[in-house]
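Features as listed in TrEMBL:
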{"type": "DOMAIN", "residues": "20-189", "note": "domain 'Thiamine phosphate synthase/TenI'"}
{"type": "BINDING", "residues": "Q37, L38, R39, I40, K41, N69, S108, K137", "note": "4-amino-2-methyl-5-(diphosphooxymethyl)pyrimidine binding site"}
{"type": "BINDING", "residues": "D70, D89", "note": "Mg(2+) binding site"}
Amino acid sequence: MYQPDFPPVPFRLGLYPVVDSVEWIARLLDAGVRTLQLRIKDKRDEEVEADVMAAIALARRYNARLFINDYWRLAIKHQAYGVHLGQEDLATTDLTAIRQAGLRLGLSTHDDMEIDVALAARPSYIALGHVFPTQTKQMPSAPQGLATLTRHVARLGDYPTVAIGGISLARAPEVLATGVGSIAVVSAITQADEWQQATRQLLDLAGVGDE
Ligand SMILES: Cc1ncc(COP(=O)(O)OP(=O)(O)O)c(N)n1
Ligand SMILES: Cc1nc(C(=O)O)sc1CCOP(=O)(O)O
Ligand SMILES: [Mg+2]
């Protein structure tokens, strides 16, 4: 049963682009996306604070769900909708501070053991990766594939889930057919020949998410 220790999110978060700039956030909000993530890697808090603030302000204007990857202190300071963290972040993050600030929490997982760890933290949603090979990030594990994803989604029942990793427009229907609540994509949008068309088509498949 879904009883998170953080504010809940709808089971269906819909299309969930993960992007690395305020420019992408602005474009995607304008294109109708309502769940998204700002993922800027390996900078100091001072270097990214202005972008985090701008992205949060934009998302608020569109009433959208913006998750901040990694920079949880800035997400709290500027009252983002939520934070996305990896397993390795758990040891160094003040989860109580995130909870007390009223932010949603998404956690990455890649296998059953990581799902056990994530469930113990009772986050708002659980991400399941990587489904297919990806060029976007170097992964230490093998892709889980559709059969394992199906098993993980079934195991998690009514817990909101997000599939990530190598999800293209062509593969999106079979990923959604597993019953997963959302598909997170990077290159399917940011590397598309025509990102607006790709976003429209992905939104048609995955939706904008439930209220
Ligand atoms: C929706 C979603 N799922 C997984 C990830 C990966 O997060 P993490 O493990 O923290 O790795 P980095 O993105 O920080 O490299 C994600 N960002 N979003
Ligand atoms: C950032 C990230 N995290 C993953 C995970 O499995 O935890 S896969 C991934 C990259 C996803 O990019 P694309 O949609 O271009 O494959
Ligand atoms: Mg991270």
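A Cβ is built for glycine as well, from the same backbone N, Cα and C atoms used for every other residue.
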Problem - For D70 (Mg(2+) binding site), the one of K41, S108, K137 that lies nearest, given that the binding-site residues are compared by Cα - result: K41
Handout entry: In sequence order, those binding-site residues of L38, S108, K137 whose CB lies under 6 Å from ligand 2
Key = S108, K137
Completion exercise
Spacing of the two Cα atoms, L38 (4-amino-2-methyl-5-(diphosphooxymethyl)pyrimidine binding site) and D89 (Mg(2+) binding site), in whole angstrom, works out to 17
Handout entry: S108 (4-amino-2-methyl-5-(diphosphooxymethyl)pyrimidine binding site) to D89 (Mg(2+) binding site) - Cα separation in whole Å
Key = 10
Practice task
Could you work out which of the binding-site residues (R39, K41, K137) has its C-beta surrounded by the smallest number of other C-beta atoms within 10 A?
Solution key: K41
Practice task
Identify, among the binding-site residues D70, D89, the residue whose Cβ has the fewest other Cβ atoms within 10 Å in this structure.
Solution key: D89
Practice task
Ten-angstrom check, please: count other Cβ atoms within 10 Å of the Cβ of L38 (4-amino-2-methyl-5-(diphosphooxymethyl)pyrimidine binding site), all chains counted.
Solution key: 29
Practice task
Consider only the binding-site residues L38, R39, I40, D70, S108: which of them have a Cβ under 6 Å from an atom of ligand 1? Write none if no residue does.
Solution key: R39, D70, S108
Practice task
Under 6 Å from ligand 3 by C-beta, which of these binding-site residues make it: Q37, R39, I40, N69, D70? Sequence order, please.
Solution key: N69, D70
Practice task
Starting from the Cβ of I40 (4-amino-2-methyl-5-(diphosphooxymethyl)pyrimidine binding site), draw a 10 Å sphere and report how many other Cβ atoms land inside it.
Solution key: 18
Problem - D89 (Mg(2+) binding site) to Q37 (4-amino-2-methyl-5-(diphosphooxymethyl)pyrimidine binding site) - Cα separation in whole Å - result: 17
Fill in the blank from the handout: Among Q37, L38, R39, I40, K41, N69, S108, K137, which the record lists as binding 4-amino-2-methyl-5-(diphosphooxymethyl)pyrimidine, the farthest-apart pair of C-alpha atoms sits at a distance in angstrom of 16
Problem - Which same-chain residues, if any, lie at least 6 apart from Q37 (4-amino-2-methyl-5-(diphosphooxymethyl)pyrimidine binding site) yet have Cβ under 8 Å of it - result: Y16, P17, V18, V19, L66, F67, I68, N69, H84, A184
Problem - S108 (4-amino-2-methyl-5-(diphosphooxymethyl)pyrimidine binding site) in three-state DSSP notation - result: strand
